[in-house]
Amino acid sequence: MATGANATPLDFPSKKRKRSRWNQDTMEQKTVIPGMPTVIPPGLTREQERAYIVQLQIEDLTRKLRTGDLGIPPNPEDRSPSPEPIYNSEGKRLNTREFRTRKKLEEERHNLITEMVALNPDFKPPADYKPPATRVSDKVMIPQDEYPEINFVGLLIGPRGNTLKNIEKECNAKIMIRGKGSVKEGKVGRKDGQMLPGEDEPLHALVTANTMENVKKAVEQIRNILKQGIETPEDQNDLRKMQLRELARLNGTLREDDNRILRPWQSSETRSITNTTVCTKCGGAGHIASDCKFQRPGDPQSAQDKARMDKEYLSLMAELGEAPVPASVGSTSGPATTPLASAPRPAAPANNPPPPSLMSTTQSRPPWMNSGPSESRPYHGMHGGGPGGPGGGPHSFPHPLPSLTGGHGGHPMQHNPNGPPPPWMQPPPPPMNQGPHPPGHHGPPPMDQYLGSTPVGSGVYRLHQGKGMMPPPPMGMMPPPPPPPSGQPPPPPSGPLPPWQQQQQQPPPPPPPSSSMASSTPLPWQQNTTTTTTSAGTGSIPPWQQQQAAAAASPGAPQMQGNPTMVPLPPGVQPPLPPGAPPPPPPPPPGSAGMMYAPPPPPPPPMDPSNFVTMMGMGVAGMPPFGMPPAPPPPPPQN
């Protein structure tokens, strides 16, 4: 350094300029902040003084960041040396001086705001304040290679990612699963073909948060899930069950009662009052005995039921004249009711007899009186070949003949003395208190029952007796049904023999004496028995006239009640003959045996088919009932 005269002006330091209020280069300037008091009041505490200073600094930094006055010296020589430049993919520098200065001011303001919030919880940061982007992160390794059978990723993510979202929400952290196996096979990676971040690392969970406390909390929950998946079996893992339940709820297949009740095969059947109701007839459940429609299957019939059915069957066969009357019927069935005194029955359609149950229970009418008119059944009295004749066996029906001739070609309606009497001459079944029929009996009830609604003592009955004519049978009268066919199996051996076998085994009885008619008054169905048996061999009077004479000769016989529905025939009117029948023979000459009766009246006028009442025999007197054969003509005179 030169001294003295050799000294230059540069060697002497420059004098400092005097400071003045108008100088613009002063380093210290007064700071004026709007809204902040410039005078500090006395008596403040240390916390209040610190809060005032911190708030003043926050406002100053906010003003600088807002106005862009970052305090960078304009002279480059006064600036501090810059670090190495950092460029982005576009070639722009990232760490410029302005960027570094702004980042420094933001960090300083962030620290001041954090301190101010701790001093004054009611402090509100500036509007342009944003927390810094720096975050705390941590990694949690997932032992997938050690336990390949456990799905750790599924336990962490959960159904639709809800488990991971819940952890992030609770811990205020961000969790990402990265590494090998974090991405499912087949998913497309980055478009540029580069690897995803952390893909070359082992499988792990990256936890990122603003604070270290949030990161630690999230890491602890992740480790608990991994530990539970390793130590607890899958069927006992509560987290796994909860995830499956939530997945079912999201899919709409959740049943809320699965865990509260047992399975159908494990729970007992609920008791119902209907299931406990048992029928006493059929043994079924669900209904009572009064509503049961079936009998108990397989129950054997009692002895009383069998005896009652046998008795009803024997009674029916006795009414048909095919079996003896059981001895107990008269005492158990109450007062006997004759068919003539029974109640009227409405007309039934053709070929439709009543059911056997009605015949067996009522026992009021024989079946040939209850059956309707039928053209398919022949009449015994209208053709030859009856029982015992040339027609066949004792129970075979002969073929109908076109003319009203006997079985041997004799006179019309002449009885064969060698064979059994015609059906209208056969005796009726004996009364219920007189035992069975005599052997060889084959016929139906006597003609007194065929009178139907005509009483014995009525005028119509006497009219027919006086004129030598048989009264017409009532409506609904039909001959007895034929016996069973030969192909029908016989009844079981335990029951009684069939009626036709009983009749074949019994020998013919001797004819009853004629004196029995005079000793006591016979019953109505016994009046024809004596007359028909005694007159069978004489041949002086025709059989149908013998019955009428015998009925007229017994005035003491009780009169039978007629059917109230039948209209009696007026005197002097003869029933019309059926179509196809031969005309009646002329009356016998005087002095013959047939002149004891009045000659028959002329036939009535023809019927009007258009009048239904006339056709039914209810409007014109003297017309026979519907579907009944007419009375036979009187016999020719005998020389």
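Glycine residues also receive a Cβ, built from the backbone N, Cα and C atoms like all the rest.
Fair warning: this is a prediction, and the values are worked out from it, not measured in the lab.
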Between the ranges 15-19, 100-104, 295-299, 330-334, Swiss-Prot assigns motif 'Nuclear localization signal' to 15-19
Look up zinc finger in Swiss-Prot and report which of 157-176, 197-216, 237-256, 277-296 it refers to. 277-296
Ser80 (phosphoserine) versus Tyr87 (phosphotyrosine) - Cα distance in angstrom: 20
Pairwise CA distance, Ser82 (phosphoserine) versus Ser89 (phosphoserine), rounded so that it is a whole Å: 21
Which has the fewest other Cβ atoms within 10 Å: Ser80, Ser89, the modified residues listed? Ser89
Near Ser82 (phosphoserine), how many other Cβ atoms are within 10 Å of its Cβ? 11
Between the Cα atoms of Ser89 (phosphoserine) and Ser80 (phosphoserine), what distance do you get, rounded to the nearest Å? 27
Secondary-structure category, per DSSP, in which Tyr87 (phosphotyrosine) falls: strand
Run through the region 'Disordered' (65-94) and tell me, per DSSP, how many residues are helix, strand and coil. 6 helix, 2 strand, 22 coil
Counting every protein chain present, what is the number of Cβ atoms, excluding its own, within 10 Å of the Cβ of Tyr87 (phosphotyrosine)? 10
